[in-house]
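The block underneath contains the structure these notes are about, expressed in structure tokens.
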Amino acid sequence: MISFSFHLLVFILLSLSSFATAQQPYVGISTTDCSVSDNTTSVFGYSCNGLNKTCQAYVIFRSTPSFSTVTSISSLFSVDPSLVSSLNDASPSTSFPSGQQVIIPLTCSCTGDDSQSNITYTIQPNDSYFAIANDTLQGLSTCQALAKQNNVSSQSLFPGMRIVVPIRCACPTAKQINEDGVKYLMSYTVVFEDTIAIISDRFGVETSKTLKANEMSFENSEVFPFTTILIPLVNPPANTNSLIPPPPPPPPQSVSPPPLSPDGRKSKKKTWVYALAGVLGGALVLSVIGAAIFCLSKKKTKTQTQEETGNLDSFMGKKPPMSDQEFDPLDGLSGMVVESLKVYKFHELQSATSDFTSSSSIGGSGYIGKINGDGAMIKKIEGNASEEVNLLSKLNHLNIIRLSGFCFHEGDWYLVYEHASNGSLSEWIHTTKSLLSLTQKLQIALDIATGLNYLHNFADPPYVHRDLNSNNVFLDLEFRAKIGSLGSARSTTEDFVLTKHVEGTRGYLAPEYLEHGLVSTKLDVYAFGVVLLEIVTGKEASELKKEIDEGKAIDEILIHGRLLPEGLTSFVERLVVDCLKKDHLNRPSMDENVMSLSKILAATQNWEESSY
């Protein structure tokens, strides 16, 4: 009996310790020292200890002469400019004064043991990991994290090279959410004259909660410039430049230690009372946890049963009638999705598209329109689209089309995306009136490669697009590419999976997928090779496939392509040939393609400049 009680007590204590999960410790100037390699000091990033592995996070960036506009700052952090404009009460054309704090929204995810948000960055002359981390990004990354992420030394960097920059961010722990109601964490870079109290006041947060979030105390609260702290927020941050700092909080009151008991026997008796109370309290907590797990288990079983029934109906060709009242689309969406996306009313979409008339149609089930004066692309989807909505809400990258909201009406979903004002890539490369320069074409190819690399290596979990083609790539006002149509995307944590359901666009599908149903990231690499060939030749995929099937060599196809200078033909040829190899194991990864295209683009820019 004693042994059982002892083990029960140990189990309770271990269980309760999970509720005291440490927050993120502030480690001071260790993060600014490139010589530090010990990860116990969090030099690679904050720990992945949040309740959710992916969450909405924010960082503060101070405008500089090089990054002073909404557009330039958004481009630096690979986020949508409209989000930056909205958070900072600024118009898209706003230019911030030097030093002004700008709120940047990011999707924070776990990469191994580290919590981070990955962005892409083009190396400038005289750049180093130290300069990028501490100057350009103002301490929001570290030398060590950059070297680890890119597996390249600082000395090997060259202008025009594209690298991945992990931004320091974190997701709230279960303790923060349950005890303090924290929903977001914002990474803030300390500057001279800053103190925890001053920073907390600026964002309307109690100093004690900021100290707690960074495992600090009133006695040990010194902070250093170019280091980051986390600001715990209950609501999304407001425009910091319009906030009026609240009065400073009163100094902490010292708590006197309890007087020692003059009677040792009473003290001992109290100790047993406290121990018993602790055991009973722990048992109560475990009971609550057990009940919660039981309820969730029952709910999951019920959900699985409903899904199996739904799948059977779908297989039999049945589509049960639905109404907005009978089916709540929010049931299939995560809480973060509901908070981050706008749920539109159907009449809003009718008004935006003139009641879905042909004049607003862009082919298939797609439409364009204006909602509150802003351009939008609206896609109608029959059946359940909650999985696609959940996926798109997790992605936050400059080269992935952004989902801004959705609508559910009479059994159909309507997804509302950001408007890519220059339409699809195919409209620009398959017509004789194309005005794209060679540099623009290669930049578009690099954007596509970067977007796929994000899906393959930085999304959590990784995804394979499965239907990449020139119709599914869209161009914004500045002809930067954004990958869309992720309805066929499939998550994969393995090197490959097999499927019996082959889908996609003819001319872009890899041999192993068509023949064996093998799905891997190399499926997207093959499709990317076809798109790259389309970009540099102006020919459609079906025509290119016919030429390749007839035995025409890639170099011969490229020679008859448009605008490609002779000196660069061999480099592009090698890249295309590698991407289109029949054996998927011999194709390059997308991060290798990003590196190759970065070099090709840099060489092309030099060639174009010298030809003027």
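Any Cβ shown, glycine's included, is placed from N, Cα and C.
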C110: disulphide-bonded cysteine as recorded in Swiss-Prot, out of C34, C48, C295: C48
Bond partner of C55 - disulfide, per Swiss-Prot - picked from C169, C171, C295: C171
Disulfide-linked residue for C169, taking Swiss-Prot as the record, within C108, C143: C108
Residues that sit under 8 angstroms from N134 (N-linked glycosylation site) by C-beta distance, when 6+ apart in the chain: T32, F226
Proximal residue to N151 (N-linked glycosylation site) among recorded positions C55, C108, C110, N118, C169 (C-alpha distance): N118
Cα separation, N52 (N-linked glycosylation site) to C110 (disulfide bond) (Å, whole number): 9
N126 (N-linked glycosylation site) to N118 (N-linked glycosylation site) - Cα separation in whole Å: 22
Nearest of the recorded positions (C48, C108, N118, C169) to C55 (disulfide bond) - Cα to Cα: C108
Cα-to-Cα gap, N52 (N-linked glycosylation site) vs C169 (disulfide bond), nearest whole Å: 13
Under 8 Å by Cβ from N118 (N-linked glycosylation site), same chain, sequence gap 6 or more: T111, Q149, V164, V165, P166, I167, Y454, F458
Residue among disulfide-bonded residues C55, C108 with least C-beta crowding, 10 angstrom cut-off: C55
Distance [Cα-Cα, Å, rounded] between C169 (disulfide bond) and C48 (disulfide bond): 10
